[in-house]
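Student: Before we start, here is the structure in question, set down as structure tokens.
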Amino acid sequence: MVSRVIPVDPFDLVVFGATGDLARRKILPGLYRRFVAGQIPETSRIIGSARTEMDAAGFRAFVAEAIEEFLDVKKRDADSVARFLDHLHYVAVDAKGDGGWPELAALIRRDVVQAYYFSVGPSLFGDLAERLHRHGIATPNSRIVVEKPFGRDLASAKTLNATLAEHFDESQIYRIDHYLGKETVQNLMAVRFANILFEPLWNARHVDHVQITVAETVGVGGRGAYYDKSGAMRDMVQNHLMQLLCLIAMEPPYRFDPDAVRDEKLKVIHALLPVEPDDIVRGQYRGGGKKGAAPSYAEDVGDPATRTESYIALKAHIANWRWKGTPFYLRTGKKLRGRASEIAIVFKEVPHSIFGDEEGWRENVLAIRLQPNEGMNLSVMIKEPGPGGMRLTEVPLDMSFAEALGEDGADIPDAYERLIMDVIRGNQTLFMRGDEVEAAWAWTDPIIAAWEARGDRPKGYDPGSSGPEDALMLLHRDGRRWREIRE
Ligand code: NAP
């Protein structure tokens, strides 16, 4: 099955922070990929911007290098790179000064879609928004794309929302959560709402529990100083894991429309109960590991007394008719044994087994893999083949999207590619609305405040493990177990 590529309208996209890590690794190579796919019209332009002085030729060389470094050789070729580079321009601006802005204003066309990607630190979001207006660049049709983190608590998120709202309407603001751009995440909505099969079972009567895991093998690396001020709860749970939880738990929207979808997600966040202290386990990776001398979390962030968590597991409850009684277990951490993101819907046992106490018996699980190898897997029980009587065994109905949908197993667009094209199309469905972000902080803040007040220290865990022992107990005491994090 070959996916259809529908070109977007011609656009001018300004990437602020074009010389930064995110632009180099994701945004610019992603735009190249969309260009190769035929989705970017010939008259469109991508304008890089940052304080670094360079001309268009310098920026083109910079982007060519980024494409070479971050795209596999099979995904690029010299001819299309050269054609892509023709679409690139560069203007040096300082978000905090006025130099360069008149040049940018002169370059932007008013008769095409205009989008401004704020790929800079959050402290500059307000400055950029303000200067886009002061210099007459932004119009009622322009869109801004705002990177994470969106605040570090409810108060700062409200301030940021208010600052952006001074210059842009909510319909113009695209708050990125790149998890929402993943093929599988959108497929979660398709599976739920385009099939009759699952929805009747999608509730506390039939779902025993849900597990959401985002496991990384890397430590904090060079981001230690930033990460230590945030931790796994702020960096991952408040945004990515909660967004996934919302998509699993929400009611069917009346239409696949940005506000209809986001209204339903918001209701889920409002229905989340506060988390009991006993239902949270925070962890910090120790030093050592397979290769011996790897630094611990505290060494990575340069603070022996740090109490920030590099791992968190928690049990959440949603107080509504559909989900009362079904716990949602969330966990995420660094330096774990595998790099795996997965949502697992674990169904209840059959009411009565006509086969007696079968040893091989397992509950049905719908596992939705976000990475690696995006896809879905439904485990079902069948009769073990052969003449050995009625013995049961579990088999996976496995669907890898790359195999099922790609041309010769070809590639699925990266989340950033899809999301940037959605910005140009003016579709906000996969972006967080201001009230959603605030509601998520309103749930997260008291949890963080409570452990800070108690002075809790994170539990140590070995690099390459599945996290702290206590996290295993979180499910064990409920008679459940975490799914394995594969290496
Ligand atoms: P970065 O590598 O530090 O890049 C920052 C960019 O901002 C650079 O291009 C820098 O260029 C520019 N800049 C800094 N001060 C400026 C100013 N006063 N005026 C104009 N431009 C300025 O940061 P990053 O990792 O790319 O992250 C960018 C944003 O994305 C952040 O909000 C981050 O939290 C978010 N994010 C990043 C990642 C990631 O994987 N990197 C993932 C998720 C979210 P000059 O020094 O030339 O001005």
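The chain as shown is numbered from 1 upward.
The backbone N, Cα and C atoms fix where each Cβ goes, and this holds for glycine too.
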Student: To which of E199, E216, E309, E359 does TrEMBL also attribute binding of substrate at the site defined by H178, K182, D235, K334?
Tutor: E216
Student: Which residues, sitting 6 or more apart from T19 (NADP(+) binding site) on the same chain, put a CB under 8 Å from its CB?
Tutor: G48, A50, T52, F62
Student: Going along the chain, which residues six or more apart from G17 (NADP(+) binding site) have their CB under 8 A from its CB?
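Tutor: Expected: A23, S49, A50, Y117, F118, S119, V120.
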Student: List the Cα distance (Å, whole number) between K182 (substrate binding site) and H240 (active site, proton acceptor).
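Tutor: Cα to Cα, K182 (substrate binding site) and H240 (active site, proton acceptor) are separated by 11 Å.
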Student: Please go through the recorded positions G17, T19, K182, H240 one by one and keep those whose C-beta falls under 6 A from any atom of ligand 1; give the result in sequence order.
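Tutor: Within range of ligand 1: G17, T19.
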Student: If you measure every Cα to Cα distance among G17, A18, T19, G20, D21, L22, A23, R24, R51, K148, the residues said to bind NADP(+), what is the biggest one in Å?
Tutor: 21
